[in-house]
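Novice: Checked TrEMBL, it gives:
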- B:15-76: domain 'ATPase F1/V1/A1 complex alpha/beta subunit N-terminal' (DOMAIN)
- B:118-200: domain 'ATPsynthase alpha/beta subunit barrel-sandwich' (DOMAIN)
- B:218-439: domain 'ATPase F1/V1/A1 complex alpha/beta subunit nucleotide-binding' (DOMAIN)
- B:Gly238, B:Pro239, B:Phe240, B:Gly241, B:Ser242, B:Gly243, B:Lys244, B:Thr245: ATP binding site (BINDING)
- B:447-548: domain 'ATP synthase A/B type C-terminal' (DOMAIN)
Amino acid sequence: MKEYQTITEISGPLVFAEVDEPIGYDEIVEIETPQGETKRGQVLESSEGLVAIQVFEGTTGIDRNASVRFLGETLKMPVTEDLLGRVLDGSGQPIDGGPEIVPDERRDIVGAAINPYSREYPEEFIQTGVSAIDGMNTLVRGQKLPIFSASGLPHNNLALQIARQATVPEDEDSGEESEFAVVFGAMGITQEEANEFMEDFERTGALERSVVFTNLADDPAVERTVTPRLALTTAEYLAFDKDYHVLVILTDMTNYCEALREIGAAREEVPGRRGYPGYMYTDLAQLYERAGRIEGREGSVTQIPILTMPGDDDTHPIPDLTGYITEGQIYIDRDLNSQGIRPPINPLPSLSRLMDDGIGEGLTREDHADVSDQMYAAYAEGEDLRDLVNIVGREALSERDNKYLDFAERFEAEFVNQGFDTDRSIEDTLDIGWDLLSMLPKSELNRIDEELIEDYYEEDAESVEAEA
Amino acid sequence: MSQATQDSVREDGVIASVSGPVVTARGLDARMNDVVYVGDEGLMGEVIEIEGDLTTIQVYEETSGVGPGEPVESTGEPLTVDLGPGMMDAIYDGVQRPLDVLESKMDSAFLDRGVDAPGIDLDEKWEFEPTVSEGDEVAPGDVVGSVPETVTIEHKVMVPPDFEGGEVVAVEEGEFSVTETVVELDNGEEITMHQEWPVRQARPAAEKKTPREPLVSGQRILDGLFPIAKGGTAAIPGPFGSGKTVTQHQLAKWADADIVVYVGCGERGNEMTEVIEDFPELDDPKTGNPLMARTCLIANTSNMPVAARESCIYTGITIAEYYRDMGYDVALMADSTSRWAEAMREISSRLEEMPGEEGYPAYLAARLSEFYERAGYFTTVNGEEGSVSVIGAVSPPGGDFSEPVTQNTLRIVKTFWALDADLAERRHFPAINWNESYSLYQEQLDPWFVENVEDDWADERQWAVDVLDEENELQEIVQLVGKDALPEDQQLTLEIARYLREAYLQQNAFHPTDTYCSPEKTYGILTAIHTFNDEAFKALEAGVPVEEIQAIEAAPRLNRIGVQEDWEAYIEDLKAEITEQLRELY
């Protein structure tokens, strides 16, 4: 392996070096500073005689005398089943003081695209135990469903609740509930947040079936572009080679995108919207699309990326591009949060695109689709009326309108609100749904099949006054 | 890319630099847009810029590990597609490599690099039945025979448009592969069932005509209010989650086109899988045969290479034009054209071109209009009539329609189906906003609806539009003072409008019956609501309070017409009951 001491330029996270042999695009580089410190990087652009290198650990300490070694291969993740229970840093080195990792295989972290022809359509219901998700925005195995949150909201608690409670209801043949292996990729989160996650994992015993990658807020930003790829490469290995059902939690995607922007700016690229690189859609897709199921393989990769929307604005490029790639989104709502609703999920803008095929008779319950549709419609109507109440007051509204207002109140207080420690079965969730819908007269339930109304509608509930 | 061109490989060059999907090569003798094979692994690419000795190439595959000094070979041919029997029921990537063949060739569920496969199976035998005999004169585009491609589609074998034509001297009949000669001409031209055509060039046609027939979609709001013509163009812009893809799927399933080409451009992998799994199980409402028998899928998901995303739109429209030449009505769905535009932007920025609006290249508008212009109702070269309708989804960032892709698209297309996040949020589907959408085909299509459905088709539609307009105005007042403050007749109008929205405009794509609604049923639902309207206003005039009118037992049944199998009897019955119950009130 040849060593070069030919660095010509150092700029932000980038190092330019002259070379006299061809270097492959994306190849891994080791840079040794005169102080003896070794930093890793990746080739961003390779032309005859000159390469641009992006250094993961930051360029501090590198000078023109530093030596550059090209390893002749692209970045790889050592994968093995023994990774379960381990804690690694953002570039894949163990930091839990455990034994060295003996890999079964070393996998390219970029990961090839799954052939759409080889995919299997996701339609197995995952019970998260959270009514607002299970009932209204059902998650299925192999889906990618992000949490759209913002600063100061309890998205981490929700992610932990899902990681803790997620099960696929009993398989009829084996009679077992299958649990998930959790791959957790943290990008630029604070030490405190990381501790919160780790403590919860340890307390609940989830750590045993988890692989944790942590790039903290004070770790080099460029490393963040690698962390999710390491996590997903591990997840794919566990799912498609070792038959695990893997739940990947990535937090916080906003920090990841900031790192992309930083590299783009250092390379003096033409920026797209708000300074983010024009290829951000492709780049994010290469992460998010690594969820799914493959025909003939047991395992699956389900992704829950978390992002914080700058200024609560969902038209910002990060949530916007994410929403176009992922199969729906769960919104955490500031108003609901301040009302004390836990988890503060707002079902109206939330969506699960794969819900329709994952619910119904034989999967969840025959009435699931209709109940969920009707509750959406009713809650949306109630929400609309709230604006009106502010102007004309409740007395000025008709009896029908008042019922919808009551419905909206109870929907938030009883259906969405359940606390971070309650695990509700899908039957419980739907029964609460009927309980609420029965406040409305039968004739208003225009989205529910007449037969289902006969079976489930609670006649006497109509007269029960709302607590609100 | 076709295999047939591989032996014509010309001069070699070497890679000078690599940056993502953009590679430059030195010493390559290639023309603009020629296909080249890059590096030791032979990754497919296309020449996009030539500057002195340096040739810039966009590579259709992942370039990790490729470095300077590796060889580049030119094929001397532009990017072409293989045309011939076997394209129906197929699923391709953006450069027409069949994904099922790739799976078995790569022996992996993941897409490997450097594997090529022809777009149609070159060895498969097809039953060729000639329609010409020795001594006949044939010109370019003429049909010389046919092949039963699928249960639905009779594939017509044509003289390629770039042939001269002449007298037929030999004709074969029976089983042949697509590379074997089936008809020979006196000037030595040999006609096979296989043609190649460069994707960036429109196939020739004799004349473009004004479209006068609707592409019936089975979707009430589209057929009823904003129809698209066969050979027309439509855009569906909408923010994420507003139902672009479901609308595109519905059109692909139910539109009364002979052939459907579905291009999944930079979209979700699972969505394409849904299409692949669903379509073979669904029946074509026209023929009862499986839908796949008339469908060609092109799937270039968002994580597949960006350059292939740029080309997939062209691959799709070229295949569509080929079937149009046979005299078929083809519908092309492109989901989503924004991803295509973004692929252009990404490559343009790697080339360090001067950006236009929002970083998009300055030629964005030109490329979009070139693409949509390839749609139309044509007289083909051989005198048949065929059409290509193009329906493009647009994904505007943040749902803001003022962005360049939406705006440039709207300048070209004649039908605009605006998807609305608010409607989607309250689960009003399809979430097409009736106030913002339009169709410029309405008037030229009305005669068809009058002839084929009912005489007062246009009047009924106008009535519905008027009621919805009025509702829109009244809603503003309601927002301020509440519904009960309105006079009774306006309250009743709001009630009628509500039924229009719930029973007519909304349609459940996932309900087995409601998913497809014939134009007759569409009209029927409208007349039922109109009957309620007329009778209700009579009752109101006779002094019946509006609450009582609203409370009649039969009215909510309007919302259930959509799901009725036997809708004709149901509507008749319902109209009678509504009339009876309302007249009882006075």
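Glycine residues also receive a Cβ, built from the backbone N, Cα and C atoms like all the rest.
Quick one: where do these features end up spatially?
Specialist: Residue counts of the domain 'ATPase F1/V1/A1 complex alpha/beta subunit N-terminal' (B:15-76) by helix, strand and coil are 0 helix, 36 strand, 26 coil (DSSP-based).
Following the DSSP three-state reduction, the secondary structure of B:Gly243 (ATP binding site) is coil.
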Novice: Among the binding-site residues listed here, B:Ser242, B:Thr245, whose Cβ has the fewest other Cβ atoms inside 10 Å?
Specialist: B:Thr245
Novice: Could you check the binding-site residues B:Gly238, B:Gly241, B:Ser242, B:Gly243, B:Lys244 and tell me which sit with their Cβ under 8 Å of a chain A Cβ?
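Specialist: Listed binding-site residues passing the 8 Å Cβ cut to A: B:Gly241.
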Novice: Could you put numbers on the helix, strand and coil content of the domain 'ATP synthase A/B type C-terminal' (B:447-548), residue by residue per DSSP?
Specialist: 78 helix, 0 strand, 24 coil
Novice: Report the member of B:Gly238, B:Pro239, B:Gly241 (the binding-site residues) whose C-beta atom has the most other C-beta atoms within 10 angstroms.
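Specialist: Ranked by Cβ atoms within 10 Å, first place goes to B:Gly238.
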Novice: Cβ distance under 8 Å to B:Phe240 (ATP binding site), same chain, sequence separation 6 or more: which residues?
Specialist: B:Ser395, B:Gly399
Novice: Suppose the ATP site is B:Gly238, B:Pro239, B:Phe240, B:Gly241, B:Ser242, B:Gly243, B:Lys244, B:Thr245. Which further residues of the same chain have a Cβ inside 8 angstroms of that site's Cβ centroid?
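Specialist: Going along the sequence, the neighbours appear as B:Ser395, B:Leu419, B:Ala421, B:Ala424, B:Ala431.
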Novice: State the count of C-beta atoms found within 10 angstroms of the C-beta of B:Gly243 (ATP binding site), not counting that atom itself.
Specialist: 25
